[in-house]
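Residues annotated as phosphoserine in Swiss-Prot: Ser9, Ser14, Ser20, Ser31, Ser112. Annotated omega-N-methylarginine per Swiss-Prot: Arg28, in sequence order. For Arg28, the entry in Swiss-Prot reads asymmetric dimethylarginine. Under the heading NADP(+) binding site, Swiss-Prot lists 56-57, Gln63, Asp85, Asn158, 188-189, Gln214, 243-248, Lys254, Tyr262, Arg264, Gly323, Ser325, Gln329, 332-333. Taken from Swiss-Prot, the feature active site, proton donor/acceptor covers Tyr90, and the record attributes it to a curator's inference. Marked as N6-acetyllysine by Swiss-Prot on the basis of similarity to another entry: Lys124.
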Amino acid sequence: MYPESTTGSPARLSLRQTGSPGMIYSTRYGSPKRQLQFYRNLGKSGLRVSCLGLGTWVTFGGQITDEMAEHLMTLAYDNGINLFDTAEVYAAGKAEVVLGNIIKKKGWRRSSLVITTKIFWGGKAETERGLSRKHIIEGLKASLERLQLEYVDVVFANRPDPNTPMEETVRAMTHVINQGMAMYWGTSRWSSMEIMEAYSVARQFNLIPPICEQAEYHMFQREKVEVQLPELFHKIGVGAMTWSPLACGIVSGKYDSGIPPYSRASLKGYQWLKDKILSEEGRRQQAKLKELQAIAERLGCTLPQLAIAWCLRNEGVSSVLLGASNAEQLMENIGAIQVLPKLSSSIVHEIDSILGNKPYSKKDYRS
């Protein structure tokens, strides 16, 4: 059995913090808990984001009701989370509508929120997708209308666009920032070379470079965030905002006995995830997760909490985006912050030994 202390009084983190602390609340017990500082700079920018953010992929406007979305967002905000991420493509724009309605209804100060959206797949027309100047400007305008906001804090290019010159994309991103439609811009699913090219173009033409890459990062996907992005961070200041810390639920342990009903892998359009889980590699991963479960029990936490804390222990990660379909999941995930101080070097080494997939940079080979 897991201990009931998942959402109890949190420990203070040894993170480099200077901003206002968030307040951890336990809705289960009703009383505000000790203040906890858990904000980090997004890359080398001055933007302070909570080390955990709430994503809206699959859930908002799709898997969950609008009422549940409001409940989850309120829980997140009350627990100090200030980062909320969406995209024009999520639920064909409905995720942005739901998010915008909640912000308007709750009356939260806009200046207390960090809202991010992603542009690439807008509509079915040829001109409604990609990273052309036309779609970046029109797509972001449409997103802002759905969100009922004057600006987003970060607009992301949701994937690279080989059909558009890099200079055009960087100029368009600079334009929307100069027009007050966004504060910063970033990339998602871009390679290190593509990010470096965008930075070089920005420097060459006195434009605004990206500050962050959104990348998939979890125990079974490590190379990009642990080897490639740290080099970019040190060279040009691009940070990492990571998503899918539980590998679409694989790391949660929920699939160790097959595909449960109402899980993401059971949804229409997620046959790829089901196939992945039931594959030979998927079975090997489940065996490793059983070993990791023993470490989680030793630390007094759940497997999802261990997995999220493991992502947070990476100093190059500015924020980890969470996905949740109910309040229990969200509060459990937020409880990962309490596990972070317990991840000693020996525990991390033990986890690496079980996973057997630690990537090595050129520096590691030289030393």
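Cβ coordinates come from backbone N, Cα and C, glycine included.
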Candidates Tyr90, Ser112, Lys124 (recorded positions); nearest Cα to Ser325 (NADP(+) binding site) turns out to be Tyr90
Cα proximity to Ser244 (NADP(+) binding site), best match among recorded positions Tyr90, Ser112, Lys124: Tyr90
Within 10 Å of the Cβ of the residue listed as 'N6-acetyllysine', how many other Cβ atoms can be counted across all chains shown? 7
DSSP-derived class (H/G/I helix, E/B strand, else coil) of Ser112 (phosphoserine): helix
Out of these recorded positions, Ser112, Ser325, Asn333, which one has the fewest other C-beta atoms within 10 Å of its own C-beta? Ser112
Write out the long-range same-chain contacts of Ala247 (NADP(+) binding site), meaning residues 6 or more apart in sequence whose Cβ is under 8 Å from its Cβ. His218, Met219, Phe220, Gln221
Ten-angstrom check, please: count other Cβ atoms within 10 Å of the Cβ of Thr56 (NADP(+) binding site), all chains counted. 26
Taking DSSP three-state, what's Ser244 (NADP(+) binding site) in: helix, strand or coil? coil
Taking only the Cα atoms, work out how far Lys124 (N6-acetyllysine) lies from Ser112 (phosphoserine), in Å, as a whole number. 35
Report, as a single number, how many Cβ atoms besides its own are within 10 Å of the Cβ of Ser244 (NADP(+) binding site). 21
Rounding to whole Å, the Cα atoms of Asn333 (NADP(+) binding site) and Ser112 (phosphoserine) are apart by 22
Between the Cα atoms of Tyr90 (active site, proton donor/acceptor) and Thr56 (NADP(+) binding site), what distance do you get, rounded to the nearest Å? 8
